[in-house]
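Novice: Quick one: the structure is below, questions incoming.
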Amino acid sequence: MADRKANGGGASASSSGTNLLFSSSATEFSFNVPFIPVTQAAASPASLLLPGEDSTDVGEEDSFLGQTSTHTSTPQTFSYFSQVSSSSDPFGNIGQSPLTTSAMSAGQSALPKPPATLAFTTGSQDALSAFPPSVSKAPGATPPSQMGTSTYSPSQPSSLPPNFGSPPQGIPQQGHNPYRHTPVSSRANPYITPPQLQQCQMPGHSSYPPPSGPPVQTYQMPPGPLPPLPTAMQSPAQQQVPARPAGPLVQGPSPFVLQNQYEPVQPHWFYCKEVEYKQLWMPFSVLDSLNLEEIYNSVQPDPESVVLGTDGGRYDVYLYDRMRKSVYWEEEPTEVRRCTWFYKGDTDSRFIPYTEEFSEKLEAEYKKAVSTNQWHRRLEFPSGETIVMHNPKVIVQFQPSSVPDEWGTTQDGQTRPRVVKRGIDDSLDEIPDGEMPQVDHLVFMVHGIGPVCDLRFRSIIECVDDFRVVSLKLLQTHFKKSVDEGKVSRVEFLPVHWHSALGGHATGVDRNIKKITLPSIGRFRHFTNETLLDVLFYNSPTYCQAIVEKVEVEINRLHSLFMSRNPNFKGKVSVAGHSLGSLILFDILSNQRDMCVSKSPGSVAVSNGVIKHSQFQEKLISEESKLMSDESCDLDVEDEEPLTLHGTLEALSLFDYISTFEKEKIDMESLLMCTVDDLKEMGIPLGPRKKIANFVKLKAAKLEQKKAAAEKKAALAALTKGQDESAPKTKEMASPSSESNESKRKLSVGAYVSSVRVDYESFEVGTGQVSVAYSSLDFEPEIFFALGSPIGMLLTIRGVARIDEKYRLPTCKGFFNIYHPLDPVAYRLEPMIAPDLDLKAVLVPHHKGRKRLHLELKESLSRMGSDLKQGFISSLKSAWQTLNEFARAHTSTTQLQEELEKVANQIKEEEEKQVVEAKKKKESPELSKDEDYLGKVGMLNGGRRIDYVLQEKPIESFNEYLFALQSHLCYWGSEDTALLLLKEIYRTMNISPEQPQH
């Protein structure tokens with residue numbers, strides 16, 4: 001370069017006004033204005049990608065101008081992966097495109113060529129070393145490779161020039177990027193207007209320095225910011241030359257331009273979640289991520305205590321610790337990351353975020369690459385990862401065991417590089433918009449049999465999460481107008497987990513059942529074991545009280561916690577139960593009292609999920625003791641006057657038969673044991689016999705009442721004693737010691753529930769129901785939703801043959817029994833209320849506003865059958881008319897004609913009746929309306945229908961037994977079920993859904 005500069009300088013000195021390109025003596029070359037070939041105009045994308053080819057062309061142009069250096073280096077084959085870094089900067093060995101030169105003086109005949117490669121490092125260097133005036137190459141030196149190899153080391157800020165990142169002083173910034181706004185490359189138009197013509201076209205600019213000064217070199221700014229030249233290294237002419245725009249014919253940009261456009265990456269926050277024993281990184285919603293980013297970028301007085309609620313307030317994020325913790329239930333804390341860079345391998349289904357520190361390093365290197373426009377770079381990190389940045393869109397990561405060799409192949413042929421991605425796509429469908437902070441309605445959902453809720457063995461928390469997501473989507477499709485108007489926000493669903501109250505693992509029941517379980521169809525047997533255990537536990541006196549108390553305490557705890565975190569909540573509360581959970585809720589709601597009673601001093605007090613039993617005991621003991629004292633007084637009076645045989649017969653006016661009873665050796669005790677047949681054999685007449693039988697019946701009933709009262713009194717005393725010792729005894733139940741295990745278990749169980757005789761509420765038939773002490777809820781539920789409920793079956797087993805039409809839940813207005821037609825656990829309730837009405841369950845509409853295809857096919861087939869029937873009747877009518885005409889023609893009997901006319905009229909009436917019924921079916925939907933039977937199905941749901949059946953899927957209709965078990969667990973992801981709940985909830989707010997928008 002030094003030789004080129006010297007030659008160029010000599011040429012300029014010898015012929016200041018003549019250009020070497022047009023110094024030929026040929027007459028046909030006559031130009032008024034000389035043209036100067038440009039070595040490289042504004043760099044086009046093609047020229048940036050092929051620096052070696054551009055440098056070759058530049059060399060040819062310089063050779064044509066007589067500026068060829070005596071020491072020309074021959075390009076050699078370079079390696080992408082075997083270059084050795086000469087500096088700590090990973091971009092130091094990457095080849096650069098040659099820099100352009102532009103004429104600044106009108107008297108220059110030839111322009112010196114700038115250095116072929118301008119080193120752009122972040123190491124310790126000054127501005128003088130960044131822009132040397134001349135660069136000389138040693139003979140045989142190989143050009144730098146386009147792709148260098150470097151070990152990652154963070155750049156030192158102290159080594160940067162003070163004005164790094166900004167254009168040199170005195171030169172205004174240009175507002176465009178040369179790599180984006182240059183339409184034509186230097187090859188397409190290699191000429192620019194000479195300085196003389198530019199000076200004439202721009203008279204407003206200052207004059208150029210005189211030719212006697214040193215040659216002015218103005219380089220086109222390489223990609224990235226250039227440090228300013230020291231003032232001492234600049235000539236006075238250079239310090240005075242301002243920037244001037246290019247003329248109209250200039251295709252390239254102005255000499256000094258801005259760096260390439262770098263846009264900071266938009267971060268998004270993620271959290272780690274374990275799904276089916278795999279850790280998945282799930283994105284926060286857009287709203288939660290923006291809130292986290294805002295708090296992250298703000299200044300907090302106490303950053304360690306910053307807690308932000310996410311996921312609608314169900315989780316808290318501790319920003320300093322990067323942890324996400326649940327609010328309403330027990331769950332392991334999970335990690336939170338501020339993510340900007342991601343990777344995905346062959347076996348990964350989604351992009352996985354890098355750590356925040358590693359992402360910051362990648363972002364710094366990406367910024368350098370964009371600023372300097374240097375790509376095809378390989379970054380090696382101390383942990384062994386190797387990342388290659390080919391271009392902004394193609395970035396790959398090689399594992400430590402699969403580092404590619406110089407040919408680009410990996411040692412392990414099966415391992416492919418990971419795809420590296422910067423930022424997230426704005427149009428990513430899996431990122432939700434976020435939940436509104438306002439809650440319209442609160443629903444507590446109680447799980448059913450077993451600790452899992454579906455065939456994927458997921459917990460109630462995960463299933464309720466799916467149900468909540470489905471409800472949010474339906475709000476956007478079926479209540480969009482109300483959502484846009486601000487009338488509808490969202491419904492919050494909170495799970496209620498009670499299975500831990502059983503303590504089956506501690507008592508050894510689960511272990512014993514495992515020993516006797518057959519090894520075949522293991523998953524199905526595991527599911528049935530959990531199912532049978534819960535049903536048997538709930539019907540047992542040992543665990544029924546524990547299950548009921550657990551559900552009541554958990555619901556009150558969740559309600560209190562929700563109200564404390566949402567003090568402005570003005571909505572109502574509903575409850576929903578699945579399977580056995582619906583039966584538990586039904587028993588609890590059936591034994592509730594009015595809120596005025598539940599808020600009395602005797603109600604159950606809840607503080608942080610612990611029941612304060614003192615007031616409850618006082619009320620229970622006072623009420624029950626009063627009742628028992630009254631009964632005992634009556635019984636004591638009867639005991640004071642014991643009846644004898646003589647007294648009894650005198651009271652019944654049957655003393656005349658005393659001899660008969662004495663003859664048979666009958667006393668008062670044996671009299672009470674006599675039956676009607678015994679009295680008949682003794683010769684007692686019918687009248688006296690009836691009197692004695694009635695007396696015996698009444699006396700036996702009184703004795704039974706006395707016995708029941710005594711047992712109830714003893715049970716009450718034991719129950720109050722057990723409540724005083726409930727906390728320590730429960731711990732003993734949960735962890736029985738090996739010593740005298742049987743005796744301790746008996747002691748703890750006896751003190752807690754059933755060491756005394758358990759009272760059953762018995763009926764004429766059935767097993768009866770265990771008497772349980774119920775406490776009051778802290779709220780009045782608005783609606784009770786039963787999903788796949790066995791309430792009807794268990795009530796029938798208990799002995800409840802019929803539910804009174806006037807019966808309603810004391811504190812709950814609505815009740816909906818929702819079930820799938822193939823659910824083996826679900827049962828109806830309306831036949832128990834109105835057995836005389838043959839009503840089909842209400843068919844739940846499809847969430848897309850139509851019936852399923854196979855149901856429509858059934859309707860069309862039934863319609864076809866009715867059409868065939870009508871056709872048959874019409875043909876019969878025509879045949880009858882033909883016979884009538886034949887009879888008229890062959891007989892004159894008026895009586896026969898009247899009979900034929902009667903038959904014809906009857907056929908006509910039946911036909912008209914069928915037409916009317918067909919019209920009604922077309923006008924009204926197939927499903928039964930609530931209004932048609934308002935008040936006829938009892939007051940359990942306020943006079944409205946109770947049973948609602950979902951539409952089965954077409955594939956389920958092929959084999960009902962195959963999908964029976966799945967249908968019992970389908971409610972958590974059912975759009976039809978969620979839409980029915982939303983409709984009924986917002987119906988209480990006088991908000992109706994519009995047509996579905998799909």
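A Cβ is built for glycine as well, from the same backbone N, Cα and C atoms used for every other residue.
Fair warning: this is a prediction, and the values are worked out from it, not measured in the lab.
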Novice: Hey, which of Ser607, Ser659, Ser748 does Swiss-Prot call phosphoserine?
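Specialist: Of Ser607, Ser659, Ser748, Swiss-Prot lists Ser748 as: phosphoserine.
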Novice: For which of Ser166, Ser235, Ser254, Ser600 does Swiss-Prot record the feature phosphoserine?
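Specialist: Annotation hit in Swiss-Prot: Ser600.
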Novice: Based on what Swiss-Prot says, identify which of Ser153, Ser735 is the phosphoserine one.
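Specialist: Of the listed residues, Swiss-Prot records phosphoserine for Ser735.
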Novice: Please spell out the DSSP helix, strand and coil residue counts for the domain 'SAM' (640-703).
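Specialist: The domain 'SAM' (640-703) comes out at 47 helix, 0 strand, 17 coil.
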Novice: Can you give me the average pLDDT across the domain 'DDHD' (777-987), rounded to a whole number?
Specialist: 78
